[in-house]
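Data block below; observations after.
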Amino acid sequence: MADGSTTKTITCLDTGNYDSGPAMCDTQPGCPIPMDDDVNRQHNYQGDDPVPVGTFITFTCKKPFFDASGVKEKTIECLPDGTYDDTPPQCDQPGCDLPMDGSRASNNYPGVSAPVDIDTQVTYTCNSGYTMADGSTTKTITCLDTGNYDSGPAMCDTQPGCPIPMDDDVNRQHNYQGDDPVPVGTFITFTCKKPFFDASGVKEKTIECLPDGTYDDTPPQCDQPGCDLPMDGSRASNNYPGVSAPVDFGIQVTYTCNSGYTMADGSTTKTITCLDTGNYDSGPAMCDTQPGCPIPMDDDVNRQHNYQGDDPVPVGTFITFTCRMPFFDVSGVKEKTIECLPDGTYDDTPPQCDQPGCDLPMDGSRASNNYPGVSAPVDIDTQVTYTCNSGYTMADGSTTKTITCLDTGNYDSGPAMCDTQPGCPIPMDDDVNRQHNYQGDDPVPVGTFITFTCRMPFFDVSGVKEKTIECLPDGTYDDTPPQCDQPGCDLPMDGSRASNNYPGVIAPVDFGTQVIYNCNSGYTMADGSTTKTITCLDAGNYDSGPAMCDTRESGFYDCVCFNALWLN
């Protein structure tokens, strides 16, 4: 507290007040300024005494000293209880920081934490392929008693490169035209002069200058004369069995055109020879000509095709044949498409249009037919009968239709269109005790819902007063109307905080039946009564409503207080 105390006692007086207020502990004593008796360290605090709670003070060891843990700097915090969260560092270990990383170099110091002992020597070694500016690849530095090293780390940023390749092979050449040495990472391409190859069959080889001053491979030895492998022809294959160059001088290679193709002069083979210049005496075979197919000569008067182009028919052309009415192919098709293949033939024969008849009968709308076959043609004079689906008729009200296959290949009429639904008759209500809500046209549309309601005081024998029926597609309803011949009242309504003694579970309640309500324990009606009797009248109503027991009886009650509130 403000007076420095940490406890306070107050007393409840007979006036109902306390003799003093509560303790106000808003003063924090802070921490003492750290008195630094270690000449090897210093801190950064320059504020008032005491040090405010939450203040961070950083201690730094003076060179060349470290704490025993290897740190040179440590930060501590003043806590609310007037102490610090840690002790300052003990700067009593002389030495140097861990050696700095070199550039493209590693060092041999084995430790993982400072200090490095005074007089310790650390040796750096350049990575493979790199040197320092003076060409050396190692450097040693020493930890002095000042806490510094006598030199910086090794900077191995120089690459010596590779010698320019001296080409003593007159059969090859390379593309390098730069400075000497060749920079590391440079690619040099060697090419054999015609007609020479390397023993491996290559004419060109690329090598790279590596960081260690050598190349990743040797140049090619261009001492094998011959030709390149024969080039691929167009739509042709050749008979050369080898898989690598060179091809010996004098070798003959024969090309053969793919099936269905020729060269421009109509030939299908070509032979070329490897000369001692390293070239062939001619190029590969170019088999880009297709002879095509003959235009189909149609000797069947019952069919026609759609081709109107040049002769021969180009390879890949599709020609469609169509049988004239009333003819079909024996397979039942009227139309067939064939393709001209690369070998000058077609992939199929035209249809044989020698079967007279009609197509399969078309599907009707909401109707089925009795034709048993699954493929055309339908024999001439065959009769097919359609029958409408249940609940549907044609526009004239009929439900069946018969059509006949004529010798023209057509039917004498179209299929049955059974798109009319007759609907249901408007229900004629001969029961004076009920009514319905339908006020639309006659017939009642399929899918219409009609609700019947019993007039008071009547019910159906099942106890319902209302019933809904639907007009189905077949012109009937999905249920019968209610029979409103049971007089009585509805089941008695539920009272409020009350139960009744009526034993039944469905209406109607017989005329004159008395129902007694009893209020739940602890409740009464507004007039203080706890029971009420109502009677079912022959009008279908009760002579009164249910008991409303919403009044609590007077008396003594156990109360439970919440949220520290007291009832007086």
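Here the Cβ of each residue, glycine as well, is placed from N, Cα and C on the backbone.
Whatever TrEMBL says is automated annotation, not expert-curated.
Marked as domain 'Sushi' by TrEMBL: 29-93 (among others).
DSSP labels the residues of the domain 'Sushi' (94-158) in these numbers: 0 helix, 23 strand, 42 coil. Taken from TrEMBL, the feature domain 'Sushi' applies to 94-158 (among others).
The annotation domain 'Sushi' is assigned in TrEMBL to 160-224 (among others). Looking only at the domain 'Sushi' (160-224), the predicted model's pLDDT averages out at 91.
Under the heading domain 'Sushi', TrEMBL lists 225-289 (among others).
Marked as domain 'Sushi' by TrEMBL: 291-355 (among others).
Per TrEMBL, the feature domain 'Sushi' maps to 356-420 (among others).
What TrEMBL records for 422-486 (among others) is domain 'Sushi'.
The domain 'Sushi' feature in TrEMBL is assigned to 487-551 (among others).
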| request: Helix, strand, coil: count each for the residues of the domain 'Sushi' (422-486), based on DSSP. | output: 0 helix, 21 strand, 44 coil
